[in-house]
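**Student:** Below are the structure tokens for one structure; questions will follow.
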Amino acid sequence: MAASSSRGGPFHGGAAPFRSRDGLSTRQAASSDEIQLRIDPMSSDFDDEITGLRSQVKQLRNVAQDIGTEAKFQKDFLDQLQMTLIKAQASVKNNIRKLNKSIIKNGSNHIVHVVLFALLCFFILYLWTKVSRR
């Protein structure tokens, strides 16, 4: 914020000791990757800017909390949906097992009846379309 990379060294460690903006100056820090700022109390623009930045930070914090709440809600919903799907799969598997046992026990007469009924329906539909075209 205080010095651009063209004015300072790496990580602003070699920042020039001149004013970069009104009321703000930089000076060489003890470590090469740190920068020290001195704010001139005469400039009140920074107070307004800091207040604005604080309100933006609060807004961002609220948005982040809303995103976290929504992510938790969606995670809980997906977990519940996954449990429902697992229960449905188990139920279908159980019903298929019961159906297979019933078919084995009673024979395959039911399947033959269903196939004959379907063929009869298709035959009646075929005859009806032939008659209706004339």
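Positions of Cβ are set from backbone N, Cα and C atoms, glycine also.
Just so you know, TrEMBL annotations are computer predictions that nobody has curated.
Got these off TrEMBL a minute ago, pasting:
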- 25-34: compositional bias 'Polar residues' (COMPBIAS)
- 40-102: domain 'T-SNARE coiled-coil homology' (DOMAIN)
- 1-34: region 'Disordered' (REGION)
- 110-128: transmembrane segment (TRANSMEM)
**Student:** Mean pLDDT, the domain 'T-SNARE coiled-coil homology' (40-102)?
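**Tutor:** Taking every residue in the domain 'T-SNARE coiled-coil homology' (40-102) and averaging pLDDT yields 89.
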**Student:** Per DSSP, what is the helix/strand/coil residue tally across the domain 'T-SNARE coiled-coil homology' (40-102)?
**Tutor:** 58 helix, 0 strand, 5 coil
